[in-house]
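Trainee: These came from TrEMBL, pasted as-is:
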ACT_SITE  A:GLU106  active site
BINDING   A:ASP11, A:ASP105  Mg(2+) binding site
COMPBIAS  A:356-370  compositional bias 'Acidic residues'
DOMAIN    A:7-191  domain 'UmuC'
REGION    A:356-379  region 'Disordered'
SITE      A:PHE16  site 'Substrate discrimination'
Amino acid sequence: MRSHASVLHIDLDAFFAAVEQRDKPSLRGKPVVVGGVGGRGVVATASYEARVFGVHSAMSTREARARCPHAAYLSGRFHAYRETSAAVMSLLREVSPLVEPLSLDEAFVDLAAADLPGHEVADVTAFGHDLRRRVREVTGGLTASVGIGTSKFVAKVASDLDKPDGLVVVPPGTEQELLRPMRATVIPGVGPATAERLRRAGVHTIADLEAVSEDELVRLVGRSLGHGLHALCRARDDRPVQAERETKSVSAEGTYEEDLTDRRLMEGLLSRQARDVAERLRKHGLSGRTVSIKVRLHDFTTLSRSTTLGSPTDEAAVVARLARGLLADLDTTGGVRLLGVGVSGLADWVQDELFGPDDSEREADPEPEPALDVPSTRHRAWAPGSDVVHTELGPGWVWGSGRGVVTVRFETAETGPGPVRSFALDDPALSLFRPPSPEAPAADAP
DNA sequence: TCTGGGGTCCTAGGACCC
DNA sequence: TCTGGGGTCCTAGGACCC
């Protein structure tokens, strides 16, 4: 916790709905609901006019339509939201080099890193008013709620106190009196399940939380959250504003209007999602070792299965093949409402090329034995680190193999380290491989 | 015909290693 | 006859956030 109120939290009010109202004047002053418009959709954002009727985010669209039939129901224009968000984020970065976006419509800004005339309450208050004015300018009239305090927690709580279009500064030293009467659920990380556990222990407010020992909290809600709650209910929060956060996973999923029962159809949908995921991985220069699927059954039971490769891939065919294989082990006879594919265990390609394993590391850290659907004679020809293969991209070293996949590093004496690519044994790219023939390698080896 | 989509983080158990 | 303990990786599930 800082001695000055120098952490700012900004939240754009009813963001998606506000962008729609900005761009379509006929919607201004009217209830607008953005979200899934199908039979299984949920509300992403409701305009304040719709909230009056009890519509709120995460509510099913069916329920929202029942409460507010005359609202405009829109499926969303994410391009417009991203564009508007980018304008706000770049404004924030003009103000301070230390900006941590939390989503399209929310961010923390570290004012200690900003160029302010002073950091007293009066200074940051004036700054907050000016910032909200500038947000309206760069967004074409969108309003924001801003909170400023001595920590992320306090700033975030503060931005919620005067929504919409508000500014709340919490003077240093007044945090605990502000927090004590509040419900424990204002603490980020305390959702319905945790709130219920706390309630059963007689804990409703932050003051109640303060009266519980740390050991008891850990017993109630687990180690990590227990320690976190013990600190936060005392307004102790030293979490820094972090400008850069690495992507940890990339995924795509879909909920279907009617439960799926046809396995071929499910495989086709997984393959399409795999292409989508692989495309986004490549766009960001990423590749990952762990491929997961998510399956939500008709009764909302949610299953996940994953498998980890010896080396990272960003190949749609590899992701798709593994995803389909994972699905094969699940019983889906009752019907499936949601299917999804994800890749995690991400590596950065560029970094991989610059700092990837050299020959000695490769020996110290051998690839796992290949899966048994790799024909043994072919696999011997593709032993990691030893063989040269040919593809239409040119010659490369076999870098890894396993689970029906061969990974190639395109690296030659002439060109230096190149990209790493994985090829599924049963996809068309496989035909590009030629196990080195006895006479060929000498001529073509790097 | 209740219950999205894209993420993050945590927990717990088993395998494996030293 | 005894039967470590810590660390890391992997998998599955769950809670939570916007």
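Every residue, even glycine, has its Cβ placed from backbone N, Cα and C.
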Trainee: If you count other Cβ atoms within 10 Å of each one's Cβ, which of the recorded positions A:ASP11, A:PHE16, A:ASP105, A:GLU106 has the most?
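Mentor: Result for the most crowded candidate: A:PHE16.
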Trainee: Hey, how far is the residue listed as 'active site' from A:ASP11 (Mg(2+) binding site), Cα to Cα, in Å?
Mentor: 5
Trainee: Across the domain 'UmuC' (A:7-191), what does the pLDDT come to on average, as a whole number?
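Mentor: Summarising the domain 'UmuC' (A:7-191) by its mean pLDDT gives 97.
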